Structure formats: structure tokens, C-alpha cells
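Feature list (source: TrEMBL):
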COMPBIAS  287-298  compositional bias 'Basic and acidic residues'
COMPBIAS  309-334  compositional bias 'Low complexity'
COMPBIAS  342-357  compositional bias 'Low complexity'
COMPBIAS  367-387  compositional bias 'Basic and acidic residues'
COMPBIAS  388-402  compositional bias 'Low complexity'
DOMAIN    125-184  domain 'Methyltransferase type 11'
REGION    287-410  region 'Disordered'
Amino acid sequence: MATPPLSRAPDFTIVQPQDSKELLTFERMVRVKPYPVECPYDGAELFDAAEPLRMQPQPSRTVTTAIKQFYRKLLGRPTSPVLEHVCDGNTRLPHLLHRRGLATQLHASESSFTSAAAANSRWDHLCLSALQQRVHPDGLEYSLPFGESAFEAVLSHGCVPYAESPLPLFSELHRIVKPGGTLAVTFSGSPPTSSKWAQFATCDPRSASLAWLQAADSADLLYMVGSFFFYSAEWGSIEVSEILPHSDTNPAPLYAVCARKMTNRQRFVHKAAVDVARLQRLREAAANDVKREARRDPNAPSVNAADKGASVGRTSVSVSVGRTSVSTSPVGVGPAPPSGPAVPTGAGSAAGLSGSAFGDKALQEGAARKSLQESARARRERQRDEGAVTAGSTSSAVSTSSEPVEDASSMVRRKILETIKRGIQENRGRTDLGEGERRMLDHMQLYVMETKVAETQLSEEERRMWESMKKDYINAHHPSAEEPGSSS
């Protein structure tokens, strides 16, 4: 399934929707039913046709005049090559293009190619069926014999109902259009009165795709053609207009869907905007996680809005062209150090940054094996560092590193401990635990006791109990390990 090249919402400009019921309906569809991540019209079975495409009849004089006026307004005074995509062997381009040799015709059927080549042998003609190849059972790929950015505009009329693989075709047309150039697709919609369909059919039902024939109305057709632009390549704003409204002499309205190829600067700005939006989502996710944790534990100290994005995991995000880098410092068991190298991770939420000790077996076992002497030494070093920071508070570099980041770390650490204690109390008396679950409970209890020792919160009686329990635990699980505190 095809996905948009850049993660973004479609940017539609609908010209005077109040003048057309179908344009109003399409505008509501785009707003209420935005395009999903994957293209809903990407499937070979949707574009099967009963018969090969024949040369189509010319549109009425009214429709032809409206298309010519639309092309003249779109092109102005053309000075660069233009590609015209047709299926009826005729042209609606300004004669100036043909006189200057700036026009090339791409025909959707062999009969259209044969007729046009015989009538206008001085023009350049190509047949689309000779430039396509089936690379897999699900669709075709196109390889037009033009270099990148070869044309100022590509103008297609009446061909989109017969496209066998519209996404690869639109992607190839995007390749050959210059940055800032235009792809314009015009087609006739369904007549508002269904009883006139047989009389005023706007496409050949024998060769039209199944998706086109099953469309409910013209708004559905506009939604489909808009998806071909949106999912095929990086187009800019997509403009939808009704260039010939429904009337008694023209029951089927004529629509145009146009898009400009992004310039390099537009792509640069757009990608930066996508990175900024991704950064905002990361910040919002971190803030929401903090709020969720605060609701679970009403007694926990509050964290102000300034600390939501930086305190939990201390996430720093830098936006650059082409990438967004997220670096985090994990929240450990002890208070967070004032500074240190960031550890890059792929997580974007606080849940992924916290490094939960509850589920990390390696961290639990490492805490269980830590000796009392190591904990005391770490605490003394921490107190010495805090004293040095307080003594040197006049230095701006030191004062900036002593911001209240430790409060958030302490809060997260306390919540982890409370969760572990609650798990111990709820599962201590259970008899249906397996060996692995029972051992996990031992790890959890040992972790809680070790943390309390590191923070010198044990009474003398608890300390003696702890020493005995720790000795039995290490001997039971690590027979070859030395007793804590023993010298070699």
C-alpha cells in the first residue's frame, strides 16, 4: 500500500465551492473523512477494465472551448516544453506551443497515437502502453523517455478514468515536471441526474476502471483523483475547481484538479515544519505522561509546566533539515547527576525514558549485588559534589546545572519504589507463583532494602535483618560470590 512521502495533511484549495453542490460535498468529505495513512485506492483489482481502451470521441464544442481557456490561463505565454496527455487523438494546447516545437503528446491508447501521428506528423507523439511494464502482479510501472524536470507543465484530459496504475503514473509525471511546474487533470463528472447517464456518459464504461465506475458521485471522483496526487509524490497545494458547471446543454460538469511540484526551498521549509510538529508531539507525550503519573499518586509533589518536557527523562530535541534528533539521560536509582553525556534512545515518550527498574531484570540484579560499602561511598561522593556546587554558586556555569531536575528524578524514583512495595505486599502471600515469579519478588524486596540502605533509612534492627537476609540471598543465588564487605 502506498503512503504519503511526507507525513502531512493534504493541502486543498477549492475554488468557489459555494457555486457547486459537488464541490461543497467534496470539501466536507476532505474535512470529515481525511485521507488515511495508506491509499484507499491502491489495488490492482480496483483498476481492472473489461476491455482495452479504444480511441475516445472528442468532447463537445462547449467542453473543448472551456478546456482551451483553462489551458491558456494556466500556461500564460509558454516558453518551456509542455506534455499533453490525451486519449482522443486531438489537442487543446495553444497553437503557439506547436509552432515553437514545445508540445509533446502522450497518448493513452494505440488508436489515439496512430490517429494523431498521421494527422500531425511534425509533432512528437508517444504511446503510454509502449512505456509501461508489469513488474509485479499488483500493478504496472512507467518509464517515460524524458529526463527529470523536462516539462513546465503536464496537462491531462479525460485519461484518468482509464488509468491502470494511477499512483505509479502520477509519480512518473511528477518526476518529469520542473520544480514549481504544474500537473493539471481535467475530467467530466457524473451527471447530477442519474437517468441521463446512458445519454450523457462521461467515460467509456467498457474501458474505465472499476473504481471509477463505482464512484457514487462527482465528489467521490474528486476525492479519488485528489488521493492520486496526495499518495504519489510530494506535491504542493492541490487546487480543485469546476471549470464548466452543469447546465441543460452540458449535463456533466467539467472539473480540474491541479498541483504544483514543490521547489527545493518549499521542500526544505515543509520538512522543517514536519520536524517541528514531531518535536511538539514528543513534548506533549512527555507532559501527558507526567500528568498521568500525578493523577495516579495525588501525594506526589507537582511538576510545573516548565519541567514537564525536560524533567522526565531530561529530553533535549534539536530540529535540523532532514532529521530530528532526540537525546535523553535515563532516570536511575540514585539522584540524577548535574551533568553528563546524553544517552540517545529511540523512545519519544516519558514511559520509554524512565528505564523502569520494575521490569529491568539486569538493573534489579545489579542493585541486589551492590554492597553496603559501595552505596555509602556513592552517597559520600554525591554529598561532596552537592557541597561543591553550593560553594561555587557564584559561577553561572555551575548555577545553571543546579536547576531543580533532581526533584523530578526523586519523584520518579519514589514512585518506582512505591510500585515495587505495593507489588510485594499484594503477592507475598500467594501460593500459585512459579519459581521465576518468586525469584522476581525476592529481587524486588532486595532492591527496596538496598535503596533504603543507600539513603540511611534503616533502623539498627532492620539493618541486622538486612545483613542476614542479604547474606542468605547471595549464597542461595550466587554460591561462588563473596560476602558483601569481605576483603580478598
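Any Cβ shown, glycine's included, is placed from N, Cα and C.
Remember, TrEMBL labels are computer predictions, not curated facts.
Helix first, then strand, then coil: DSSP counts for the domain 'Methyltransferase type 11' (125-184) stand at 18 helix, 27 strand, 15 coil.
In the compositional bias 'Basic and acidic residues' (287-298), helix, strand and coil residues by DSSP number 10 helix, 0 strand, 2 coil. Within the model, the domain 'Methyltransferase type 11' (125-184) shows a mean pLDDT value of 91, rounded to a whole number.
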